[in-house]
């Protein structure tokens, strides 16, 4: 426990005395009081470079008063690396530490096929063509296609767990998934594509009607994923209780809207 008691002060000619309360704070990690070089506890005097890096009184003379951290930071700040997707056409270069941020938004990032027994991965538009040619019939492809912002019927068996659909305006696959749990059936929708501006952003609405009662779930922003997860979602889902299920068939309606093009 670190404590600090501020002294009493006097104000004005009347000698008014103002006492400030004692304040205390708790240090949760004592390791921050160790020298980052030798890992021994810091003691006075403590040496600090102009960039804020610390060294204890024993280490500073050994380093000839030169900060060991600053040169490495300068090196990292001067390293430009190419995108891992350069073999697929990306020409972007970025600072070493920005790699993960760029990969999430790179239009050339690979997306995995949502079919469980398929190991194909490719650009989201190539994945669209692959899925069309490899995994479905022409009749299914025609049936499970709709226009953006227009609600359409998307019935699916709970045991199927996943249904792939698309919109006329985009070469993008959308995954409608359901998960049976003890409290009911979770239904969620995701866009199989990277988080690139070129892909666009989508909102969606799911509705489920039973005995003339309708449940509606609206999401202002659909999640974009490069690989579909088959684990029960923790957020962004509609939950249909078991007492509202009448069969294995989920008779739902779905509407997807591209929000990035709206004024």
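Every residue, even glycine, has its Cβ placed from backbone N, Cα and C.
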| Candidate from 83, 118 that Swiss-Prot assigns to the same Zn(2+) 1 site as 90, 102, 106 | 83
| task | Spatially speaking, which of the binding-site residues 113, 118, 130, 135 is closest to residue 106 (Zn(2+) 1 binding site)? Use C-alpha to C-alpha, please. | result | 113
| query | Should residue 102 (Zn(2+) 1 binding site) be counted as helix, strand, or coil on the basis of DSSP? | reply | helix
| said: I'm checking region-level scores; what's the whole-number mean pLDDT for the zinc finger (35-71)? | reply: 76
| said: What whole-number Å value do you get for the CA-CA distance of residue 130 (Zn(2+) 2 binding site) and residue 83 (Zn(2+) 1 binding site)? | reply: 24
| message | Using DSSP and collapsing to three states, where does residue 83 (Zn(2+) 1 binding site) fall: helix, strand or coil? | response | coil
| said: I want to verify one value. Collapsing DSSP to three states, which class is residue 113 (Zn(2+) 2 binding site)? | reply: coil
